[in-house]
Amino acid sequence: MAAAPPPQQPDRPSTSGGLGYFHLRLVGPAPALLLLRSDRLYSLSLSRRRGYRLRLLLARPHRRSARDLLLSTSGCALRFTHRFYGAEAPSVNGRPFRARIPAELAVGDEVSVLRRGARYGFVVERFVSCEGVGGGAAARAGSCVEGLVFRAESLRKRLRAISESEDPLSFLRDSNCSRNGGPDAGELCLDNPTNPVSKKYLLQDDCNLDQDKLEHHIEAAKGVDLDPDAELCQGSKGCGDDSAEQAGCSNGNEEQHHIEGCHSDGSTFFLNRLVGIGSLSDTRAEPQNGVTLPQLLHPVETLVRVFIATFTSDIPWFLDYCKIPQHLPVTVACHNKERCWSASSENRMSAPFESHPNLLLVYPRFPEEIAFGMDRKKQGVACHHPKLIVLQRENSMRVVVTSANLVPRQWHLITNTVWWQDFPRRTSVDYAALFSATDEQNSDFAAQLVSFIASMVNEVPSPSQAYWINEIAKYDFEGAGGYLIASVPGIHAQSPPYLESNYFLSAKHIIHAKSANRMFVGSVQTSVVGLSHRFNMPSNAGSQLRALSTFLGKCRENMHGTTEVILKRNTNIPADANAVSVLVADLDKFSEEGSVQLGFLPREVAKWVAPLSDSGFFNFSGFIYPREALEAAFGVTNTKVQLLLYVSKGPEFSRISELICDGHFPPLCSLIASLKRCLGLWRLEEVLSNIKWPETLETDFIYSASSIGTSINPQFIATFASAAGKRPHQDFDSQESDPEWGCWTAKHELKKPSISLLFPTIDRVKKGICGIQLCRNLLSLPEKTWQRLRSTGIFHDAMPQPYARIGYPMHVKVAQRCFKSRPGGHSFGWTYCGSHNFSPAAWGQLLSPPSKANATEVRAAGPRLHICNYELGIILISPPPGKSKHASESRHKIENISLPFVVPPPRYKWSDRPATRLAMREAAAEVCVQQSNNVVDLSDDTDEDVPDEDNEQEIELSDCSHQEKEEEKIYVEALWGQVDSSQSQDKD
């Protein structure tokens, strides 16, 4: 986390020369008070004299018993290390503690160990400093000399530990001892567990918890008895009894100060705080990392509204753990396999908590076009997978993008990334910011955020639906530290460029005026409904067809093969007051009498197009493919005709903040959700293509994910690398017209893999804190994907860092591409963190053109991107020197971003095997045999359950066409039945 470090406390001074005494109260059969000098190494062992009891000895490093409890008091910090295994392993405050991993104890901590059926241990009662505030110069000088001698001895021992290490470079990289005063005594470095001895023992059985310990960790992760404040600051717990009020001691106000100091400027991301790495170990090992969910929400009393998007959720835990007020409006968008595929909008929301009546659960819709066979009932590969938290306060709005779901284990036992930034309130509402583009000078953060939220809540009844659309316009996102990268399920076409329009929809009459590029907002992909009824049923269908053929034959196609049509409001049709007709005419000699009506806008589109046009906020114009319209009219095809709806600022757009009313927000939300924007791979390319990345200076291109898709192949990897800016060296400066010239292709990928994929080995998973239990539903790598890609050499082990996190599962989705100008020179590049796993379901898969399609059909269809999941992440860019287009990027330094894994990552050895589903099933079976009982089953409380992509089929563009539904036919029949009479009334 980004809170400022707490002030020095009496029991944790920064100098190693301070003297004092720790008071330890023994518990058990023989209680006693022990005094430990603050610059010694002690051995606490069991004695048989007069019955078993604990005894304290001044330890000798070369004669330590293998089963001693070691107490180091160097630097006025009390650290505890043990060498017990199994059931006899000691616990700190009731939490099992691993052998050879030191814990820094604070006043009030209790250590206990079970020995021969009896419980022994001690409580740290107090710390008394021997150096008063007014100590003389002699005292200070003596202390200084003693400190120098101690530090010299520590340095000598540290150098010996480095020389004896099997991997000195890894030892230096992982160790924090140098800045924390060095090793305490003997061969153990108790300031940070990074030494050859402790690394060796990390490979032993003590990294696994038995069933009782696993259950304890799961209970601890529920957060019922955890104090989130204590993990940030030790508070008065770390102060001496006689100096609780002196400067530097932390009290309740100090704790509050540190929680409020949970600040980030958006230039980097952080990690969540894990149970067992907080106050029970050296917090200095993670000086800038470790944030809790309550810290992000603090203070909850000032929250006005909360929006959360997550995959899995434990709402009762969240309400209790974060102390959510009962009156606070909270919207949670989450995944549900049945509800998200439901055709009923009422079935995609619920308010199940009577104690929190303002809490609404939303299950975002999966579109039919990604379902198997275009049938919603058959469902498909889809997942609502983002992890987003938006916290609104009166004066600021905090946006949190994380990889952690809203469940306790993901925040307490599993490493996740957390990015956040606070944005100030504007002096006036700015709706224009909701429609800004990436290539503009201003940030498009607000536009991306509001568009993503709108896509999830578009069907929620007002006012919940439109609330965030209006509120986001009240805050200033210009200083955003990164770019949002969103994925939304569907089959998406690329956003067409601006096209000049001549006719616009209006409430009263058709407006003939040329549009301006600066007024262009975006485009919407929709269709024309009602052709089959119009040209097949009426008696004059033949004359209508001839007129349509004449008009379309005279029309001029633009460079994209489309031609403009006329949109007309039908205000006199009782069947739908929002009806919008689509007319085809000779645009050079346009007259409404000399036009042919092709059909209507779909009801769901017309219901927001009409009011936004009537209000004058936006102008709408339409374009169709002439050949497609003719084929549909003549009955060659029974599919709907595509219509590109272009949106531009209307005459009243500048006054929208003055004129907008409650009735405008639902249509505005639908418009924002419908506007075409770059998603997935195309969004990645949009953000990174503005910079020319020097290929020859690349040092790393890595991607760590907890799930790797079934359909991963060299083609997808090359597509991802190309979207991320990867280019072949020889083609880097080429200006050839070939669209693939200079692009990174599957041929390049097969010749020289571009990306290193980080995924833990099965051995690393088995030796984790809880073995395979926490990873069974967390990690996903199909065996056949591993077998297909193992020969490429792209797999690397995901080794957590900092060192204290080794043994804890990682759920991070982090990518980074790094460059260095010269050895020892300036580094730059980009870093991604968020919810995207490395799969086509998350990033999207490019669809190939129909095998039998002609050139016109291919041009009409255009490139398409098939995305299955809702996802959200953030890109942090550190551009090459002098290449920054945006001032906000100048503060980014890629060296300041601490990755949660070791870089460069260790490549898989020939004997390594990733933690595939098959490998974890086999490991679970081995544990069952060894323990002669069942492995603890955590499947009922799934952290991740990424759908299997084995059934995902390759989709061609021809499969993406849509036929009119029965309800649409009923709608257009009612309109056609009334349109002629309304036109007659207009003439009269």
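For all residues, glycine too, the Cβ spot is worked out from N, Cα and C.
Feature list (source: TrEMBL):
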- His385: active site, nucleophile (ACT_SITE)
- Lys387, Lys813: substrate binding site (BINDING)
- 522-630: domain 'HIRAN' (DOMAIN)
- His811: active site, proton donor/acceptor (ACT_SITE)
- Ser839: site 'Interaction with DNA' (SITE)
- 932-964: region 'Disordered' (REGION)
- 938-957: compositional bias 'Acidic residues' (COMPBIAS)
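Cα-Cα distance from Lys387 (substrate binding site) to His811 (active site, proton donor/acceptor): 12 Å (rounded to the nearest whole number). Secondary structure of the domain 'HIRAN' (522-630) per DSSP (helix as H, G, I; strand as E, B; remaining residues coil): 43 helix, 32 strand, 34 coil. Restricting the average to the domain 'HIRAN' (522-630) gives a pLDDT of 83. You'll find the Cα of Ser839 (site 'Interaction with DNA') roughly 11 Å from the Cα of Lys813 (substrate binding site). Between the CA atoms of His385 (active site, nucleophile) and Lys813 (substrate binding site) there is a gap of 12 Å, rounded to the nearest whole number. Under 8 Å, Cβ to Cβ, and six or more positions away along its own chain, Lys813 (substrate binding site) finds Ser403, Thr417, Ser704, Ala705, Ser706, Tyr832, Cys833, Gly834, Ser835, His836, Asn837, Phe838, Gly873.
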